[in-house]
Structures are given as structure tokens and as C-alpha cells.
Amino acid sequence: MSFTLAIVGRPNVGKSTLFNRLVGKRLALVDDQPGVTRDLREGAARLADLRFTVIDTAGLEDVTDDSLQGRMRRLTERAVDMADICLFMVDARVGITPTDLVFADILRKRAGHVVLAANKAEGAAADAGVIEAYSLGLGEPIRLSAEHGEGLNDLYTHLMPLADAYAERAAEDAPETDVALDEDSGDMEAALRMPTANKPLQVAVVGRPNAGKSTLVNQILGEDRLLTGPEAGITRDAISLRTDWVGPEGDVIPMRIFDTAGMRKKAKVQEKLEKLSVGDGLRAVKFAEVVVVLLDAAIPFEQQDLRIADLAEREGRAVVVAVNKWDIEENKQAKLNELRESFERLLPQLRGAPLVTVSARTGRGLDRLHKAVLRAYEVWNRRVTTAQLNRWLAGMLEAHPPPAPQGKRIKLRYMTQAKTRPPGFVVMCSHPDKVPDSYNRYLVNGLRLDFDMPGTPIRLWMRGQNDANPYKGRKKAPPSKLRKHTDGRRKD
């Protein structure tokens, strides 16, 4: 997983010019007029062998009102919060301004890593400005000329050790997903890996700040519990907290909880802020095995809640929906029926996922949440034998044969499970491109019902008959060689 670099600084110091040079395209507007970049622009950057995400921000303006400049400033501060590294650019020809001093102080407080760059530093005329940049207290400035491409080697030297550190931490925190299976029955025994101290269950709790997410996490951790952390997470917005979550029957789950700023309340700002808020949730989801989507019982299933739940499904993570503040709900049964109906209607792709009511304030319902998380994790690891699948497929075909589009009969010949975490299945058939979406949904819903896989994402790939054996060349191959099973048409 690559890091994210935010280029920040006051207007017209050359941020967009450097952004365009790193991305290799003119994606950002460049002009001599200050404040041309009014939005956040994100691109895939390349610097020698480094690959990372770069964000071009609006200029940091020393304003506090609700004018356009004020919104640009808040948007930039939001980008600083979500970035792993901030490249703070100053103009070496102009020198350090009072605005630079103010926002250097902001960056010291808000940013995890700050790299200082003095741009427009070509020629002796910039020497005084480069020396003056030391007064910011952010270390030695890099001499850059974004327009001419000078100083990029020095930037690479600064970023390389940080990139290595993020890659190492990402490897430690990344969950094992899309696990390939082969024909050996031994894989069935290994499919469900129980959490251990070295490989704890990774859970992300996501939701709006006023949904009670922090209170719930504190209840799970326990006020007096000695934690092996907090550890810095992959982003400054995410920290992972380790604990042993004791269940109602005394069963203990070694667990790492990814706590993140999550999905913030809709601000009076443009859509980019909302997009960045969901971006925080994305980081938490990517490092989780089970995602707990926390809702407020008073205002459940808002647009942001639906987006993050759908995101977890698309990322292939197990999902548990928890409804908080249940202790102050008066008509509990009617509300529960309403929640279940809304869940089935708004999130059909997660049909059957656990929906648990809790009170983060009192701790009631945590036992149910504990069971639901374990159950979701078990289903996410589910393994079905090839013999069972093909007997099941024969019954499904007999009950509802596939259609014959344009008179072409579709034959579904063979089925096997190719992956787990989440479960993924390959069907060998004729005319895989002709199988309609409705028939794929019929098969996925049948798998979910008949093999007891409620709520978990299920992947289904239709493959042609050119390679009659879906395990060919794969039995002793590394997982990366299994992409041939997922390059075909995917139906969820």
C-alpha cells in the first residue's frame, strides 16, 4: 500500500506545477494568479521507483470566514489530516511571509510528517530565501524548481525512508484476503484461521462521530485494561488498539481495533469534504477483516452510512451493522422491524448480515455484538467442497435452467470454490458472457441461503471451457498466479 503526499503552501508557490510534474499530466490548473487551485486534485504520482498518491491543495490562506478562501483553507487542513506526509512549499524568491509562519505552526500540530521545500530556488537570487526557510523550524529545506524539474533527487532521498516505513507498517497491518484454495482437502481445515496474539482479528468501527463510535470502542477496550498501544496506524487519522475482547461465555478474541475519524457529519462545504470523509473510512476498511458499521438509532441509514457499508462489501470485508443508543429508544420492537426492513431494502447486497442493537453508553448488547463479529468472521472464511457445490448446482439447474439468449443454450458444467476471505466461486460454462445478471444473482442468493453464508460478500466468476480444469497450473503456484480466475466476468 503506497503513501499519500499532500502538497501544501500559500497560493502561487508552485504546488500545481510540482503536482503536474509528479503525475506526468497537466491535471491541475497552473496560473500566475494566486488561488487558481480552488479544489483538491488527486493523482497517481511517480518519482523514480516510488509510487504514491499525491494531493494538490488549494493555497493556505490566513482567513477564518466563510468566503471561498476560508473554505479552501479548511479543505486543505482536511487534506493535511488525511495525508501520510505533507510537503510544505515556500517561495524562495519571495522569502518567508507571516502567512508561512502561521501555517508552519498549523502543520507542526496537524501533520504526521512534514517535508519542507523551497521552490523557485534556481539561481543565486533564491539563496537568501532558502536560508530564511530554516527559521520555520521544520528542518532543512529541499531546494526545488518544480518548473524545471530541479531538486527531485533530493525529494526522493527524503521520501524513500518514509515510504519504506509505511510499506513495512502496511505489511504488518494488512489482513489476509482473497485467499486462494486448491483441490487438497487440507485447505478446508486451514480456511478458518482463528485469531491469535500474533495475528489478531482486525475490526474497524466506522460511523458518524455522533453515532457513539468512540464510546463503543472504549466499552470494548475497557477503561482499566492495559493496552499494547496505542500504535500509530497507516494514516494519522487511524490508530490501531490491541485488546483481548472477552465474550459472554468467557471466550477471548485477540483483536486489533482500527479507530478512525471515520465519516464526519456533512459540513456546509462542497462535496470534496464528504469524499475525503469517506476516504478516511476507506483506509479503516482496507485494514479490517470485519467492519462494524455503527448507526444512530434516531437517524439510521443516512447516505454516508450506506456508502461505507457498500464500500465494505465491494472491498470484500465481513460486515456487521450495529445500531447504537438503543437504551433511549422507546418503541423497541417497532423500531427494530423498521430497521430490518430498511436494511433489506437499502443494502440488498448484504442480505442476512448481522444487525445488532447496542448501547455504547451502558455496555448493553456488547455480548450480542461479540457473537455477531465472530459469526461474520467465520462465514467470511467459509469453505465448501467441490462435491457439495456440484450437487447443489445440479439442483439449481433443475429448478431454474439458465436462459437461452439469442437461441444459444448456456451449459453450466462444473463449479468449484477458488477463494475464501471472502468466498469466491468459479463456474465453468459455455458462453460465459451471455449469462444474464439475474441468473448470477439467482446463484449467489442460492449459495447464501443453502450454505449458510448470510451477509458476507460472495464473488462468482463465469469461465469458458477453453481450460477445462480451473486448477490447472495453480496447485503449487503463488496466489498472484490465480488472477486468471478473477479476470473473467465477476458477478456479485
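Cβ coordinates are placed from backbone N, Cα and C, and glycine is handled just like the others.
Feature annotations, reproduced from Swiss-Prot:
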- 9-16, 56-60, 119-122: GTP 1 binding site (BINDING)
- 207-214, 259-263, 324-327: GTP 2 binding site (BINDING)
- 472-492: compositional bias 'Basic residues' (COMPBIAS)
- 3-167: domain 'EngA-type G 1' (DOMAIN)
- 201-381: domain 'EngA-type G 2' (DOMAIN)
- 382-468: domain 'KH-like' (DOMAIN)
- 462-492: region 'Disordered' (REGION)
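If you measure from the Cα atom of Thr57 (GTP 1 binding site) to that of Asn210 (GTP 2 binding site), you get 28 Å.
For Asn210 (GTP 2 binding site), the nearest neighbour among the listed binding-site residues (Gly9, Asn12, Lys15), judged by C-alpha distance, is Gly9.
Cα of Gly207 (GTP 2 binding site) to Cα of Lys15 (GTP 1 binding site): a span of 33 Å. Across the domain 'EngA-type G 2' (201-381), mean pLDDT in this model comes to 79. Taking the binding-site residues Lys15, Lys213 in turn, the residue surrounded by the fewest other Cβ atoms inside 10 Å of its Cβ turns out to be Lys213.
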